[in-house]
Amino acid sequence: MSSTSSSQMVQLVADKHVRYILMAEKKKESFESVVMDHLRMNGAYWGLTTLDLLDKLGCVSEEEVISWLMTCQHESGGFAGNTGHDPHILYTLSAVQILALFDKINILDIGKVSSYVAKLQNEDGSFSGDMWGEIDTRFSYIAICCLSILKCLDKINVEKAVKYIVSCKNLDGGFGCTPGAESHAGQIFCCVGALAITGSLHHVDKDSLGWWLCERQLKAGGLNGRPEKLADVCYSWWVLSSLIMIDRVHWIDKAKLVKFILDCQDLDNGGISDRPEDAVDIFHTYFGVAGLSLLEYPGVKVIDPAYALPVDVVNRIIFTK
């Protein structure tokens with residue numbers, strides 16, 4: 001399905017990945033589509049951002065995407081994973097990111113959306129994901145990233161938010177989902193990303209964290225999320241983006257990681273899997289292409305490691321009043 005037996009590195013089959021993403025949206029009755037129905041907003045963000053990184057966002061109907069996206073907004077201001085589902089901070093960020101891709105943030109009632117996010121901050125500075133109250137540093141990142149894109153960071157207590165994130169730092173330099181929780185690459189991205197956006201990276205022990213992150217690279221070149229786990233393409237994003245934000249990306253073997261990602265492609269039908277020869281999906285296709293972007297692979301647009309959006313999109317947001 002994916003890798004070749006020769007030592008020669010395969011190339012990125014970008015056109016096939018574009019076709020795979022466009023076809024995936026049309027296969028409403030497929031197993032993948034059915035099981036992902038409740039998080040379609042995330043799937044849309046993964047697919048659309050991949051298309052943008054490959055300079056093919058124009059292949060989709062902007063009007064159709066935005067029309068569907070707005071049906072997912074709840075009266076609270078938050079967005080759900082699909083029409084008729086409950087709102088959650090995770091899907092709200094994905095919705096805002098999608099609108100950013102299309103330069104359509106102005107269609108939002110920004111005050112309403114930002115208030116929904118801000119109300120999820122707890123007294124200790126942490127954030128809940130929704131009204132049910134689960135707390136996780138993922139939600140801290142999501143809130144900070146979302147409000148930064150909307151230019152509404154002043155709606156939360158940033159100092160308390162940063163203090164809570166720092167309280168989740170471990171002796172190995174990494175970060176967990178809550179204070180005392182095990183360090184994990186996904187949580188590290190969230191914490192480092194939030195600290196980067198708020199200008200608080202001085203709280204990170206860059207050498208200790210950099211060492212922990214570069215130890216995630218295995219012999220085949222791929223990265224895992226924590227010790228003793230298998231390599232997975234998605235960590236090409238979580239680990240690499242964090243290393244870039246703390247200026248330690250030169251500590252890993254980039255060429256071997258590029259080969260690992262490329263070997264996870266389905267060269268016939270498009271899409272990228274978690275590891276060579278496994279089934280492809282939208283999630284890993286996005287993180288594989290995003291990882292190649294961070295690795296400066298030819299033909300892939302540059303992605304911002306903190307905002308997880310193409311740099312041209314982020315620049316447009318930052319420099320627009």
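Each residue, glycine too, has its Cβ placed from N, Cα and C.
The record from Swiss-Prot ties Asp232, Cys234 to Zn(2+), and of the options His85, His88, His284 it ties His284 to that site too. Looking just at the repeat 'PFTB 4' (158-199), the mean pLDDT is 98.
Between the CA atoms of His184 (geranylgeranyl diphosphate binding site) and Cys234 (Zn(2+) binding site) there is a gap of 13 Å. When the binding-site residues Gly186, Ser236, His284 are compared by the number of other C-beta atoms lying within 10 angstroms of their own C-beta, Gly186 comes out lowest. Remote same-chain residues near the repeat 'PFTB 4' (158-199) are listed as 121, 124-127, 135-138, 140-145, 148, 205, 207-213, 216, 223-226, 235, 237-239, 241-242, 245-246, 305-308 (criterion: CB distance under 8 Å, separation of at least six residues from the stretch ends).
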